[in-house]
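**Student:** TrEMBL feature annotations, pasted as is:
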REGION    19-51  region 'Disordered'
TRANSMEM  125-145  transmembrane segment
TRANSMEM  209-227  transmembrane segment
TRANSMEM  239-257  transmembrane segment
TRANSMEM  277-300  transmembrane segment
TRANSMEM  321-341  transmembrane segment
TRANSMEM  382-402  transmembrane segment
TRANSMEM  414-437  transmembrane segment
TRANSMEM  443-463  transmembrane segment
Amino acid sequence: MGSRVAAALLRRGRDQASALLMPRLPRSAPAPAQPRVGSTSSYGGGGGGGCLLPPRPGPAGDFYSASRFASFHAFRSLSPKTLFGQCTRKMSTTAATLNSAAANGAANLGLKLLVTKGPQAQKAVGIWLFGCASWVFCLVILGGITRLTRSGLSMTDWKFTGEIPPMSDDAWQLEFEKYKQSPEYKRVNKGMGLEDFKFIYWMEYAHRMWGRALGFIFVGPFAYFIAKGYVTRQLGLRLSTLFALGGAQGLIGWWMVKSGLEEPTSEYVQPRVSPYRLATHLTSAFVIYCGILWTALSVVMPDPPTGSISWVNGAAKIRKLAIPISAVVGITAISGAFVAGNDAGHAYNSFPKMGETWIPEDVFSMEPFIRNFFENTSTVQLNHRILATTTLLSVCGLWLAARKIDMHPAIKSLIGSTLGMAALQVTLGISTLLMYVPTSLGSAHQAGALTLLSLMILLTHTLRRPSPALLKSLATAAKST
């Protein structure tokens, strides 16, 4: 069997060697065939050995193999051990030749890629975008820690280009005197020493500089990839929009901080930033993060995992549920910003009841009525509890529905992971509430919200509709069998 496989691959390698010298295949020519892997999973998991088998006969098999390879060759290139690593070294040269031919065939058959210049370019752009998404993730968590330690109002001015931190005792005293003029010092931190001020100052300074560093991490490689010709017009426009949002995010952050430097309307109210501005700042960060993550996934996975028409139909059914659930997860995360902005986590530190009752009596005490959902401490916390419970039940329902539908095993596994994360996030939220919002649990709860949102983004991206070329190849393959 091994000799027949090797002979078949060598024959196909000789036949396709001349095709690789051409810049583009004729439209009338069939796509070069991609050797089929002995596994049923497009992610490379599950049964089968991983060695190359003879390609499917006929044009349908050739088309299917080329499209399938184009969808996942970037993911395989990110891993040091690929599906082809189990094959003999004598076959490696032929396998590389066929892989390149399959990628070119997929491009000729209408698969639109966000990155040109081949798999290595996709790998480089993908790693860069995932790195940027990770940087934004850390930035959001650092912002949460800054808020939980009440460090956000320690710097009373802002410059778009940034500023050098105090380097001498006189410089520190000058910054401290500025802070002493703020309402937070007068009403909350009166009597604070210089060393305590240095801690909150460094927290806010680190948060600002981490955000500015993101600009350099984004712009430098972006310009390089454009110069190399890797970036398509569609990807360039998308990334330019994300960069503009990132620049606006700095302005939104200062707009938020400025609201906390104003004198409160009542002498009994502690100075704090506007919950509306805090929610705007957090929502903007979530939009930037989700945009970068979605783009990175689109670069390395142009087409979703398919395998068969049955699996595609099953994914379409789950997609109708996953999209609204993703919206619920996002709304729940944004409602958490209003909990933080109103310090609602320090009220009703009991569960499942809110104090002695299920619903506080003052939930609709504000006028006009709509203000209760954004400014009333009781209503804001009740709203967040209801949304969190709805999120958990919705993800649980999605998991139960997925068990009865025939679809790709990797998607089922991803839904199970999402359910586990949703349960953990609810547990973190309850624990944070019962323990009066310690910094460690509060920041973990915020990280959990972003992790759950990431899983929903990944799930929605994996469930999207395949390209028309791939659908056509699957239909042709189904008819031929």
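Positions of Cβ are set from backbone N, Cα and C atoms, glycine also.
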**Student:** Where else in the chain does the transmembrane segment (443-463) make close Cβ contacts, counting only residues six or more beyond its ends and a cut-off under 8 Å?
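**Tutor:** For the transmembrane segment (443-463), the sequence-distant neighbours (Cβ-Cβ under 8 Å, at least 6 residues beyond its ends) are 137, 140-141, 144-145, 148, 286, 289-290, 293-294, 297-298, 301, 304-305, 315-316, 318-319, 322-323, 325-326, 329-330, 332-333, 336, 391, 410-411, 414-415, 417-418, 421-422, 424-425, 428-429, 432.
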**Student:** What same-chain residues lie close to the transmembrane segment (209-227): Cβ under 8 Å, and 6 or more beyond its ends?
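**Tutor:** Residues packing against the transmembrane segment (209-227) from afar: 121, 124-125, 128, 131-132, 135-136, 138-139, 142, 162, 236, 239, 242-243, 246-247, 249-250, 253.
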**Student:** Against which stretches of its own chain does the transmembrane segment (414-437) lie, if we need a Cβ under 8 Å and a gap of at least six residues from its ends?
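**Tutor:** Same-chain contacts beyond the ends: 148, 318, 345-346, 348-351, 388-389, 391-392, 395-396, 398-399, 402, 444-445, 448-449, 451-452, 455-456, 458-459, 462.
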**Student:** Other than its close neighbours in sequence, what residues sit by the transmembrane segment (321-341), given a CB gap under 8 Å and a spacing of at least six beyond its ends?
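**Tutor:** For the transmembrane segment (321-341), the far contacts come to 147, 272-276, 278-279, 281-283, 286, 373-374, 380-381, 383-384, 387-388, 390-391, 394-395, 397-398, 401, 445-446, 449-450, 452-453, 456-457, 459-460, 463.
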